[in-house]
Structures are given as structure tokens and as C-alpha cells.
Amino acid sequence: MSKAANATKPARGPIGGPRAPRKPSNLWATVLRIAQYMRDDKWILFVVFVSIIVSSLANVIGISFLQVIIDDYLEPLINQPNSELMGGFVSVIFLIGWIYLIGAISTYVFNRLMVGVSTRTLYKIRIDLFQKMEALPIKYYDTHTHGDLMSLYTNDIDTMRQVLSNSVTSFITSFITVISVFIMMLVFSWQLTILVLVMLVVMLLVVKKVGGKSANYFIKQQQELGQVNGYIEEMIEGQKVVKVFSRQKRVLQDFEELNEQLRVSATWANTFANILMPIMINLSYVLYAITAMVGGVLTIMGALSLGTVIAFLQYTRTFSMPITQISQQLNAVLTALAGAERVFKVIDEKPELDEGYITMVPVVMNGDGTVNESNERTGHFAWKEVQDNGSAVLTIVRGNVVFEDVTFGYEKDKTVLNNVSLYAKPGQKIAFVGSTGAGKTTITNLINRFYDVPSGNISIDGIEINKIKKSDLRQALSMVLQDTHLFTGTVKENIRYGRLNATDEEVVAAAKLANADTFIRHLDHGYDTVLKSDGGNLSQGQRQLLAIARAAIAETPILILDEATSSIDTRTEALIQKGMDRLMEGKTSFIIAHRLSTVRSANAIMVLEHGEIIERGDHDQLIEQRGKYYQLSAGMFELS
Amino acid sequence: MIRKLLAFLGEYKRQTILTPIMVTGEVALELMIPFLMARIVDYGILGDGGMGYTIRVGLLMILMAVLALVFGGLSGKYAAEAGMGFAKNIRSGLFKQIQTYSFANVDKFSTATLVTRLTTDITNTQNSFMMVVRMAVRAPIMLIGATIMAVSINPQLSLIFLAAIPVLSISLYLIGKSAHPRFLDMLEKYDGLNEKVQDFIVNIRVVKAFVREQHEEKKFIADAEKVRDAQLRAEKLVILNMPIMQFTIYTSIIAIIWFGGNMVIAGTFNIGELSSFIMYILQVLISLMLISMVFIMLIISRASFSRIIEALEEEPVLNDKDSDVNLTLQDGSITFKNVNFSYNDDPNNLVLKNINFTVESGQTIGIIGGTGSSKTTLVQLIPRLYDALNGEVIVGGHHVRDYKLKTLRDQVAMVLQKNVLFTGTIKENLKWGNEQATDEEVIEAAQAAQAHDFIMAFPNGYETELGQGGVNVSGGQKQRLTIARALLKKPKVVILDDSTSAVDTATDAAIRQVFAEKLNDVTTLIIAQRITSVADADKIIVIDDGEVNGFGSHEELIKTNEIYREIYESQSKGVNDNE
């Protein structure tokens, strides 16, 4: 994991900042990491490697026979029939045939195997990335835009796909071809090989120069593309606002500016990338021409045979083609590696820590107040702490929540909660009211440990919550959140999300509890209506009703309702009140609402302001106090 | 389809035409090189040309190669200019088209697909365009040129071409044809996977709160497997190209050596020509390969092309072509006459039914009704975000269709329920309402919306940078900013669509007070959940299931309207008991 620590180092702004596509900063480390994913396929890779060698050698050796054919058969045979030589010619042709056949088969073998390896590798990387993303803390999601995270899948892994399935084998093929051709060249004629080497140096210099320029502009292009795409995303997202404000012209103007900027840098980047290939191809023709001339002169001088020159000429073509290919694909490969690096960076992010060891288990309550662990759902739970000696201590989950001097801020020097202390006895309803930004939602973020408390202490049933395994802690809570998002899937599936093994009847019962049954039945396919992820086909209020049903079906000892009914009109709210009461029955409930009618029946109401509890008590007491709460409720009624 | 896109070449037509011309020059020169090589071998070395001839022809070859390099370089440059210019124009064109969309158009496409069209699809189009202008010209010219050269050297031996070309082209065609649907399938699976990820990211709090990581992972793995298998199915076909190509080339080379060799032995053919022949057949077959690559690329990008064109061809549902440029709103009066509305223009699926009411200029109107009772739909007809199916919507003395959209919407400020702030400072965001607004005007609007105090509490005040979507302000603060933004327009009509739902009651009351005192000449429509938000309005419209159920003042409605009374009671219960 030391490598991981390095990879996460680059500083990031508080809100993620624009994506900065760049050159891979640690090229070989990234290549090695990709290779790690192929470990299971190492024998296949070995066969791939061997096949590539066979295929490249077949090509190279095939050409070398040109020299033999010309010098040993054709030239001597011209106008001088000789059946023995003729027989030799035939058998050489057959030999070449065999070599080529083996070459073509090897080509198929390595390509086919490599497709398998690359698809499997991508599959593994995708899953690895997803698993890591699951483990990331909420904070990560709060500080990175969704677009950034999405583009890991849509851009970065996709470029990796293109490179893995095309470029890897052609890289190796090119490499092996270059080396073996070089050896053959030396065997044929060292004089001509020197020529080739000189030309090679020139070509490499060109690649370096042009390629370098291209890479620089590519980085610029990627940055500007990021800006353009960011702007597009934002403006399309806010398209309705643009129209309401008739801002189309201005928005278009700004867009044109960014777009033109992108065009300029993209043109430069692609110009250099585009001219690289013709330059390489034609330099290789220059090399070919020089070789033909010098080789011709040498042959006339008698220093070389004609067959050698002709075979050598073929080699100069075979030699430069792979180099062209490599230079052509270099950009794609670098882009893919940069993408891979971004993917790995997320994989290396510090996952949500969970040092908790206490679990929650279903229990059977015995008459005498003791409990026994059960394997089935019983409706009762206990916290289970395994002692050093192996015995387990069971504490019944009652929902006794205590905050002691909790101070918290999302950023270091900005506290959102100050010395908050509160307790909720089992089965109580605790409500939080206060102006927006007073810290109400933060409290719920702390109870379920979306964020950890740096100072102070939160406990449930006398157990500090950081000793409880996060998954178990969260399973003890069900939440209805302020922003209700649903999943792509049917209504039924969305409700069942609260408890995956719930039966259809239980789903309907939960929907009825949340007063959602009626509108669900009015949907085209009732409970089987497919919802889109942004829930476009439902109103905000209807989505909240589904979220309440989802929480209801979870049957947890603690319930958190964060503005759960804010988009539901009060008439409907009154209708679901009974259901809500039943939902909260016997559960410790935390209710956040700005609507006082929602919180009135709470056992205790906390009035929050600037992260501090300024008043607490039940409704009557608070009204009596004539404090902030009284003002709030009075403010509400001085108008009627 | 392609022609439609090509219209976007615009000022880059010159480069687009120059590119293939340069490519042609490059190819012509390249074709000459093996021919000259054959002359060196057959006349310079084996014939009586000798050293001098060899060097002369050699130098000519070098010159040609250098010239080809220049042509090639230029073609690359022009291709880049044309390709990037083309992409820029399409991007602008599409973006511009989307700006003309009405709400109904945006609803139809959904924002996610519009973004993909503007980003990924255009990148695909740009890449295939560059490839086409270079390869699609180069390959056929090379193919024809090399064939001509080969035939002119030895017509008999060229028969090998006749065999090799069809074999290769037919197999490449067959592979491409059967790979196409598999690639489409792969892309579809890919979309499915991305949708899952998107779902996951948006819902991360729900996933974590319900500890459903394993569940999500299972779904994801199932989809990842589908992608993997689809990719394998598609790519294992395409990789057949390489070995088939090699096989054809190798067979041709052997055939040329055998038949050509026999001709050499018989004295009817020269060794130099034989080896140039091999060069030509290589060039021919490689060209075929390139053509098939271009083909596959085009097929894959076709989905992108048609997606772009679909969005380009989408006609805005609303337009103001027949409207009067000089017409302005006389005042803030609003009249609905027998208005029906349906989102899909289906008279049997009406969302608003026979709406009739009149609002006088300067009045404050509350709109109240249950979840899904079409309150939002009703007010969206006023700034003409949608058109009524039938009936008349009259604002400021004229039918909404008679105004230029900009005129109407500048005068009717609507604060949307799902509202958005943009990257930039608070001030920049507020100035959306009026770009020319002075700092004083901005502050005044912020004060009216009760936003000034919290803005000033930020260390940078009005210069505070808002992240995308306004992530660093709370829901209530965001709502107040969007109200201030709308007020800066100095409109005749203001519509607040549940715009204070996240604002606490005291602030809500303060905002309403400002509206009542300072903005008393502005017609104000307030959609709200809370009775208190509308109780002091001049009139209140009670909407139920798309119909006006009641219209009157608070006192009247309390007496006469059952729904209104129920809502009132549901909210007043509690505090009243204590008084």
C-alpha cells in the first residue's frame, strides 16, 4: 500500500476542481499495475508472447528467402533450364508456404487469446474500481462531482479498452519485428545496416520532436475539452433556467469562446499527430530510395549480390512500418495510461475505515429478560461483542442514543456543530428545528457515521458508535433523506430496497403505510412501473412517499427522517400521519423538519442555531419558554 | 444523413478539399518509388545502365520521397484543421439548436443524453471524419494506382490481384457485416453498465444508509459480465481481419514468386520488376485493409451521427416566428380562458382541465393544492414554457403567443422548483437576472430575497465562488439566491414555484413582507405547501387534480372550500390547541 499512499498525494481543491487530464506521471508503475490484473492469465500471456514471436519471425524469415530464391535459383536459371535447380526452387517455395502458414495461424492465435485477456482484464478493473468506490466514505462523494466519477467509467476505462484490445499486441509485434529485422539486416549487409541506423536516428529524432509537441498540445486539448464538456454539462443541466432567463444568446457566446479555444489547441495537437505518420512513412521511403541507390552501386561494384539488395529493400519497409505504428499509437497509449492512472488513483483512495467490531444480531427475547442469539429474523436485535475468551456479550438494541459534547465541522476550521449534547431514550421522538444551515442534517450524518466525530462522543445503548461495525450500525437505522433519489427499476424494487427479502405483500403494506399505494396503483403498470433514476415520471412528493415506504419496510430500531415530508402537501401529510405514527411506534426517531406541525408531537424538540442547541423541551414547554421556538410558531400564526 | 453533417464544414471546406488533393499527390509519388527501384535493378545493375544511371535514378527516388513527405505533412495539417473545425461547428450548431429547444424538447431528450450527444458523439464524429478525409481517399487511390502500375509492368501476373482482391474484400466485408450488430450490442450493454454506475453515484447515501453495497455490487458484476461477454463476442470477429489479411498477402507473395519466378527463368520478366510487384501487391492489400477499417469505424460512429442529427433536427415545440417584436406587456395582469393542457398533446390525457381565472396587475395570488395536482404545470403556461393545448393564456393584455419569447420571459420571472445555480461567483449568478445590473441593484435584490445577510457572512461576500450547482450553499440559501436572481429582472410578474420550501418560516414571512410592501406593483404568484405562505394573498387558487377547485381570499375559502379548509386544519392543528 505504500504505492497507494503516493498516488493519493496530489492536492485537490475542496470541490474536486476540474479534471486535469495529463500525461501519466508514473508510466511504468501504471503499466505494471495493469499487468497485475493479467496475472491469472499468465500462461495464456506466455502463449500469446510465443505466438507473437513466431508470427513476427515467420514474416521476417519469409522475406530472407527472397535472397536465396533470386541468387541461388532465378539468376542461375535465367535461360538455362536445370531440372535439379528447378526442383530446389519448388521445395523452397513450399518451405516458404509452410512458414507463412504457421505465421498466419500464430497471428490468429495471439489475437484471439489477447481479446480474451483484455476483456477479462477490463472486467476485473471495472469491478475493482466499483468495489473501491463502494468503500469510499461519503465525504469523497461530497467533494467530487458526479461527472468526474462517471467519466472514470465512460472515458478512462473506455480508452483503456481501445488500447488493450489493439495496441498491446501491435506494440509487442512491432518490437520483436524491429529487433529480428535488424539482426537479419546485419546478417545480409553491415554496410547497408549502417545506412539504416543513421536513418533510424533521424526518424527517432523526428518522432521525439513532433511527438513531444503533439503531446504538449494534447494535454492542452484535453484540458480545454474538459472545460468545454464541463460547460456543456452545466448548461444542459440548467437548460430550463437558461430558458426562463432568456440567456440563450449569452450562454451561446460563452460557449463559442470556449469552443474556439478548444478548436485551436485541438488543431495543433492533431496537426502534429497527423503529420507524424506521413513523415515516418516517407522517411522510410527516403531510406528505401537511398538503400536502392547505394545497394545498386555496391552490387555493380560486386560487393553485394542482387538477391541481398532486394531482400534488404524489403527489410527496410518491414523495419520502418512497426516504428510508424508505434509512433502512431503512442498518443492513444499515453492517454489510456493517464486514464488508467486516474482509475488507480480512485482505487487507491483511502476507503471508509471501519475499526468497529461489535455486530448486530437478531435475538430471541426470553421471558426473564435474557436473550439468545437467533438465526432468523425475530424483530429484536442485540449488539454482540465477542470477548477475548470467545464468549459473546449481548446488549439488546433499544435505541438509546446519546451525544456528548459533539463538535464537528466538514472543514477543519469551520465548525458546524458546537458542543452538542443530547439523548434520546428508546422509543422517543426527537425533533430538530432551526433555520437552514443550523446543522440539523449534520446530526444525522454523524449518527450513521457518514462522517466521524473528531471531538465528543456518540453512543447507542451505551456503546460508542465507532466500536460498532459500520454496516451493522447502519442496519440499525433507516433513513429518509432530504433529496430523494430513486433507482432505475420498478416501484416494487425501489421499495424493497429497504429489505431485500421482503415479500410482495410486505411491499404493498409498506406502501400503504406511506400512503403511496393509491398513486402507485394509478401508474401505468402499478408496482411494476419502471422508474428512471432521476424519477422524472414522479413528482418530488411522490418520490418522498416511496422513500418513506422504503424506510418503513426496513423495520429498524432507529429511524431518521430528514425533511422527509417537505415536498408532501400538508393534507397528504395529515393523511399519512397515522402511518408515520405506526412507523415510529417503538422506535427511536429523529425528525428534522421546518414545518412545526410535523414535529409537534415529539417527546423532545431541539432548536438549533449556528450549530448549537439553544432550546430544548417538548412543544408545550417550549411554547411556555417564549423563546425562539415560540417565535417560530407564532411567526407562523400571526398571519392567519 | 452524412450530407446533413457535412453542411457544418462551413469555412473549413477549403481544408477539407485540400486534404485529399495532398493525399493524392503523396500517393502518386509513393507509387513511383517501387517502379524506379525496378529500373535500378533491371537497367542499372543487371542491364547496361551502370553506376551513373543507378545514382541518377536513386537521387530521383530520394527527391520523390522528400516531395511525398511534404505532401503527406500538408495533408495531415489540413486534415487536422478541417477535422477540428468541423467538430467545432457541429458542437456550436448542436449547442445552438438546444438553446432554441422548449421545455417539452428538453423533457423529451433528458439532459443526460443531450450531454452525451454534445460530448462523446461529437468526438466520435470528429475522429471518423479525420480518418475518412485521409484514409478514405488514400486507400482507393493507392489501390487503383498500384493495380495500374502492376498491370503496366506485367498484365499476366496481375491476374493474381484479381484473385486476391475479391477474396480479401469479401472476407473483410463479411467480418464487418457480422461484427456490426455485435458492436451495437456491446455499446448497448455498455450504456446499461454506465446507467448502473450513475444510479449508484447519485444514490450513494441511500446505498450506504441501507448497507446495500453488496447488493449493488452484485448488480454491477452482472452487468460487467454482460459487457465483457459482448465485447468478446464483437472483438473476436474483428481480430479475424489480421490473420486473413496476412494469409492473403502471404499467398499472393508466394504466387508472385512462383509464377513471376518462372517468367524470369523463361526470360520474359525481370528480377527488379518481380520485387516491385511484391511491393505493389502489399500496397494494394494494405489499402483494402484500411478501407475495411474506415468502414468499421463509420459503422460504429453511425450511431453517433444519427444521435447528433436527431437532436439537430428536433424542432423547438414553441417558436415566436409570428410574434410581434415591438409588443411589450402593458401590465402584470393574467387571464386564463378555458385552458386545457396535456404534456403529450393528448386530449384524453389532460393535466389541466378547463382552467379559468383572472388576476389583476399587482395582485398577489397564492396557489395551493395537493402533491401532483398540476400547480407547477399551471404557472409554466404563463411565461410560455409550454403551450396550452387549447384555450387562451393572456398575460399583460395579449396572448402569450403574440410576444417574443424573450420579451415575455424577461417580464415574467419564474423561480423554478428544481432550480440551478451555476459555477461562478454569487454576484455573477445573480446577474443572470440582469447583466447590466449595478452592484446596488444586486444588493437590493438580495436584500429583498433575504439573502444579503448570509451572503455577507461568507468571507468573500458577493464574490464567493459557488461550485457547480451551488454545492456550497444550503437548500434554503440556494432558494433565496434564485429568488434574488429572478427579482433582478424587475419583472411585471413573479412566479415562485414552491421556492421557499427549504426556507424557515421566519425568513419566508420576511420575504413575503418585502413582496407585499416594496413590490406591490408586481403581480406575484406563489405556489406553496404552507397555508401561511399564501394566506395573506389577495386571492388563492385551489387546484385539485388539474382543475380549479376554489378561487378567492383566505377568509372566503375557509368558509366555502372544503379542500382548503382541510389543508388549513392539517397545518394549524397543534399550535392552535395551545393558544
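Just so it is clear, glycine is given a Cβ too, placed from its N, Cα and C backbone atoms.
Taken from TrEMBL, the feature domain 'ABC transmembrane type-1' applies to B:17-298.
The domain 'ABC transporter' feature in TrEMBL is assigned to B:334-570.
Residues annotated as transmembrane segment in TrEMBL: B:21-41 (among others).
What TrEMBL records for B:53-74 (among others) is transmembrane segment.
Feature annotation from TrEMBL assigns transmembrane segment to B:135-153 (among others). Within the chain carrying the transmembrane segment (B:135-153), a Cβ under 8 angstroms from the stretch's Cβ atoms is held by residues 19-20, 23-24, 26-28, 30-31, 34-35, 38, 161, 273, 276-277, 280-281, 283-284, 286-288, 290-291, 293-294, all 6 or more beyond its ends.
Annotated transmembrane segment per TrEMBL: B:159-176 (among others), in sequence order. Same-chain residues lying 6 or more positions outside the transmembrane segment (B:159-176) and placing a CB less than 8 Å from one of its CB atoms are 147, 150, 237-238, 240-241, 244-245, 248, 251-252, 255-256, 259, 281, 284-285, 288-289, 291-292, 295-296, 299.
Taken from TrEMBL, the feature transmembrane segment applies to B:247-271 (among others).
Through the fold, the transmembrane segment (B:277-300) approaches residues 30-31, 34, 37, 124, 127-128, 131-132, 135-136, 138-140, 142-143, 146-147, 149-150, 153-154, 157, 160-161, 164-165, 168-169, 172-173, 175-176, 179-180, 183, 187, 238, 241, 245, 248-249, 252-253, 256-257, 260 of its own chain, all at least 6 residues removed from its boundaries and within a Cβ separation under 8 Å. Per TrEMBL, the feature transmembrane segment maps to B:277-300 (among others).
Long-range contacts of the transmembrane segment (B:21-41) within the same chain, counting only residues at least 6 positions beyond its ends with a Cβ under 8 Å from a Cβ of the stretch, are 49, 53-54, 57-58, 60-61, 64-65, 67-68, 71-72, 74-75, 78, 134, 137-138, 141-142, 145-146, 149, 153, 270-273, 275-276, 279-280, 283. Per-residue confidence over the domain 'ABC transporter' (B:334-570) averages out at a pLDDT of 86.
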